[in-house]
Amino acid sequence: MPSIFSYESAEVDWCESNFVRSAVIAEYYNTVSASGRLGPQEPPRAGGRTELCHLKVPLLLAGLFSMYFHMTLSYVGQLLDELSILWTLAVAYSFWYPQAYFPKCIKTRRHFFWLTGITTVISTLMSFVKPTLNAYALNCIAFHLLYLTRKELKKCNDKRVHRMAAVMVMWWALAITSWISDRWLCWLWQAINFPYFHSFWHVLIALSLLYCCPLVIYFDVSYEMPSFKPKLEYWPSDSWPVVVPYVTLEEPHKQC
């Protein structure tokens, strides 16, 4: 029986052929593209709370573990990759989930922390039962995030917010299409010698997160810092075809 740290001991193997470009790296392009998940950081936000800093370490670990998994295709690498994503989502839910959507039995953010923590621990233990299903379960969480985004957009009249949400959904749709194509149509891509759609998934989901984070920040400010007016901006400017979105805060005018 191979060690759980052994190369190709994982229960999942993506479409890219193994050890073609390197004798050390199993899936070369998947490994390189996974480094893009090291990049998406929270755009700058003025003043107020500092919960955003708590996502830097989980995002960094998610990127590193993804690279390790695709480099080795080991069982441990697979679980580290999937569980790091799960715990990153848990941190994001803990700090950013709007209190207006808390279950009726949850009265405070502290209680919600406990609920999220217990749910995440149970989910972590369940991930060992059937590891091949973990990736599908994690992708299903996106539908809940899309549902929340839709509810928030109904209460928002800012066209820039709606535009950013549309771009985020576009990148996510392209990303999940690439993921599904690599998983279910591998025979086709290998037949035409183009088995690289999982690496596209890495890049496209990173682009989706680039737009998702400012949106979450925008709505978070609306709930938690109502005295400030959030505004979406683009760097270097709106006219550029490729931009980095971020949130600025307009401080309220003080009255004498």
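Don't overthink the numbers, they just go from 1 along the chain as shown.
Note that Cβ sites are derived from N, Cα and C of the backbone, with glycine treated the same way.
Annotations in TrEMBL come from automatic prediction, not curation.
On a predicted model such as this, the values are computed, not experimentally measured, just so you know.
As annotated by TrEMBL, Ca(2+) binding site applies to ASP13, TRP14, GLU16, ASN18, GLU27. Counted within 10 Å of its Cβ, the other Cβ atoms near TRP14 (Ca(2+) binding site) come to 24, all protein chains included.
Residues or ranges marked as Zn(2+) binding site in TrEMBL: HIS70, HIS198, HIS202. If you take the C-beta of HIS70 (Zn(2+) binding site) and look for same-chain residues 6 or more apart in sequence within under 8 angstroms, you find TRP14, ILE25, ALA26, GLU27, ASN30, THR31, ALA34, GLY77.
Remote same-chain residues near the transmembrane segment (83-100) are listed as 51, 54-55, 58-59, 61-62, 65-66, 109, 112-113, 116-117, 119-120, 123-124, 127, 138, 141, 148, 152, 216, 219-220, 223 (criterion: CB distance under 8 Å, separation of at least six residues from the stretch ends). Per TrEMBL, the feature transmembrane segment maps to 83-100 (among others).
If you look up TrEMBL, you'll see 112-128 (among others) marked as transmembrane segment.
Among residues of the same chain six or more beyond the transmembrane segment (134-149), those with a C-beta under 8 A of the stretch's C-beta atoms are 12, 78-79, 82, 85-86, 89, 98, 101, 127, 165, 168-169, 172, 176, 179, 212, 215. Under the heading transmembrane segment, TrEMBL lists 134-149 (among others).
What TrEMBL records for 161-180 (among others) is transmembrane segment. Here the transmembrane segment (161-180) has Cβ contacts under 8 Å with residues 139, 142, 146, 149, 153, 197-198, 200-201, 204-205, 207-208, 210-212, 214-215, 218, 232, 245 of the same chain, all six or more residues outside its ends.
Among the features that TrEMBL reports, transmembrane segment is placed at 200-221 (among others).
When the binding-site residues ASP13, GLU16, ASN18 are screened for a C-alpha within 10 angstroms of the C-alpha of HIS198 (Zn(2+) binding site), the residues that qualify, in sequence order, are GLU16.
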